[in-house]
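Chemist: TrEMBL feature annotations, pasted as is:
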DOMAIN    A:39-260  domain 'MacB-like periplasmic core'
DOMAIN    A:297-409  domain 'ABC3 transporter permease C-terminal'
TRANSMEM  A:37-57  transmembrane segment
TRANSMEM  A:293-318  transmembrane segment
TRANSMEM  A:345-369  transmembrane segment
TRANSMEM  A:381-402  transmembrane segment
Ligand SMILES: Nc1ncnc2c1ncn2[C@@H]1O[C@H](COP(=O)(O)OP(=O)(O)OP(=O)(O)O)[C@@H](O)[C@H]1O
Ligand SMILES: [Mg+2]
């Protein structure tokens with residue numbers, strides 16, 4: 001009914017509560033029974049926290065991987081000899097690295113040769129079966145720079161140490177051998193021979209096989225482990241099994257196309273060429289996909305929270321009959337009573353939603369900081385979380401609010 | 001009820017129409033259907049501006065029902081209720097709410113104060129649904145508290161007040177909007193006799209100040225202390241001290257007019 005009609009009826013202007021008055025009235029339940037209100041909002045808080053946390057964590061881990069990919073670059077190519085009929089890893093020609101380095105735009109070429117059937121132990125006393133699945137690889141000295149691997153402890157091989165019984169451990173190899181510090185006199189028993197440990201590498205994200213390896217120089221491999229070969233009729237160090245090639249950023253595809261046939265012109269189709277960053281990119285895409293199980297649990301928690309709020313609101317309306325009667329006597333319209341209780345449900349839900357978003361974001365921040373990722377809480381996550389909470393509040397508050405408004409003021413006043 | 005347009009009674013009614021704050025004509029109220037409970041059975045009386053009236057009667061005689069009907073919290077089953085000249089029957093629920101906000105103040109036996117809010121906030125809430133802004137509500141609440149002698153308790157919360165003080169707060173809340181009429185249902189019902197007497201004294205002071213007040217009570221002693229008494233029994237008015245007086249007055253008027 002219009003204002004004019006009210007005035008004609010002689011009852012004055014239609015009244016609308018200001019925002020602050022509405023908020024104050026809607027917070028009566030919260031102020032009179034804070035513990036109950038908090039508990040009733042808890043379900044909604046847990047639901048939103050779960051949703052925001054899941055979305056935040058998957059986004060942050062994706063961001064972390066993308067940053068990692070960025071750091072490592074996507075211009076690394078890997079050429080591997082395929083497997084022989086016996087299932088053994090085949091060798092590449094000894095000349096392969098030199099040939100590949102002549103491919104235009106192949107900027108850096110590193111390589112590693114797997115020493116077959118050589119086992120690694122902490123000492124000769126360790127039972128034969130406990131190899132820890134570690135391998136020994138002869139490696140070119142430029143390998144850390146080609147693969148962007150840092151040195152964690154000690155130092156990398158050099159021209160001198162690569163000729164002696166000296167090894168550097170990949171990060172996983174060090175862990176499996178139980179070695180976390182490097183000191184003079186530290187040795188391991190590899191391929192039936194003592195090797196001094198010069199250093200430990202940081203994780204090699206682009207080449208997990210290096211991580212799980214004991215790395216020695218080609219000279220040492222030939223001298224101590226019999227990894228030798230023949231090149232142009234002369235005895236020389238052993239053959240490589242894998243080439244790592246850094247291509248100029250804009251020419252990766254051309255280098256990739258030329259790699260197999262350059263590495264092994266006799267059997268180009270046996271050479272597997274790959275781009276290690278592809279695996280990471282695929283993983284990043286997978287991380288970005290939401291964990292639907294946890295999202296589902298979050299949704300269930302939200303529904304439970306909605307039931308909790310509705311339950312509390314219905315009890316609250318019954319308990320506060322006299323307040324409702326009094327407000328009607330003071331001139332509150334049915335609509336204003338309805339808004340009061342709807343507002344209260346919305347307020348509870350909003351508090352739960354905000355707390356949940358806060359908790360979810362905090363969990364994301366803590367976890368992401370631990371992993372060294374950038375903290376990413378997507379706008380859809382927190383805005384969606386709060387919107388979901390408000391929607392839940394509106395739905396769960398509607399029935400109690402309608403009941404409160406329908407209540408006869410005198411019944412409400414007589415009920416004490 | 002048919003009356004000649006020129007009857008002296010009608011003339012009097014026209015002359016003093018704004019003077020009549022409350023008019024009830026043959027008001028009935030029946031609760032329920034099976035069996036119907038007739039709580040009011042044809043109640044008629046008029047309350048003029050500035051009157052202090054007691055409605056007294058035994059329990060179950062329909063006093064609270066009458067107060068709720070006068071206060072527009074309940075619609076009558078039959079008859080006419082006019083408040084400040086406005087016929088309530090033609091108003092929507094929202095309009096009735098507005099009418100209550102602006103023209104009617106309520107005082108209840110149970111006080112109905114909000115314990116989480118201070119005294120002054122409780123009183124200010126008497127204006128919440130009138131559209132007055134916060135500062136005006138505050139200022140007028142302080143003024144209303146002064147009128148009931150509780151200015152020094154403004155910042156207290158109700159649980160720290162005595163029963164009599166709480167009822168004064170409730171009275172201040174009813175008065176704050178300067179309503180046309182204040183309806184009090186057993187205002188001393190929860191108080192001891194001394195405190196109750198002080199509340200009655202306050203009602204007298206407010207009456208002297210010009211407020212129109214109707215007090216519903218089953219306490220004959222309290223009722224006798226007020227200027228006008230209306231006695232109820234089984235949903236009917238069985239005695240109205242003003243009606244007897246007015247009939248005398250109308251009789252004299254008629255004689256003078258005709259003669
Ligand atoms: N909502 C209702 N439904 C049915 N009957 C009702 C209702 N309210 C009141 N009544 C009946 O109407 C009659 C009058 O009740 P009312 O409360 O007005 O009496 P009262 O004079 O105020 O009594 P008391 O002094 O005990 O307060 C009683 O018989 C009561 O049972
Ligand atoms: Mg009663």
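From the backbone N, Cα and C atoms, a Cβ is placed for every residue, glycine too.
No curator has checked TrEMBL annotations; they are predicted automatically.
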Chemist: Can you tell me which parts of the same chain pack against the transmembrane segment (A:293-318), counting only residues 6+ beyond its ends and a CB-CB cutoff under 8 A?
Modeler: 29, 33, 36-37, 39-51, 53-55, 324, 341, 344-345, 348-349, 352, 388-389, 392-393, 395-397, 399-401, 403-404, 407
Chemist: Across the domain 'ABC3 transporter permease C-terminal' (A:297-409), what does the pLDDT come to on average, as a whole number?
Modeler: 91
Chemist: Can you tell me which parts of the same chain pack against the transmembrane segment (A:345-369), counting only residues 6+ beyond its ends and a CB-CB cutoff under 8 A?
Modeler: 23, 26-27, 29-30, 37, 40-57, 60-61, 64, 305, 309-310, 312-313, 375-377, 381-382, 385-386, 388-390, 392-394, 396-398, 400-401
Chemist: Treating G and I as helix alongside H, and B as strand alongside E, what does DSSP give for the domain 'ABC3 transporter permease C-terminal' (A:297-409) in helix, strand and coil?
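Modeler: Each residue of the domain 'ABC3 transporter permease C-terminal' (A:297-409) counted once, the result is 99 helix, 0 strand, 14 coil.
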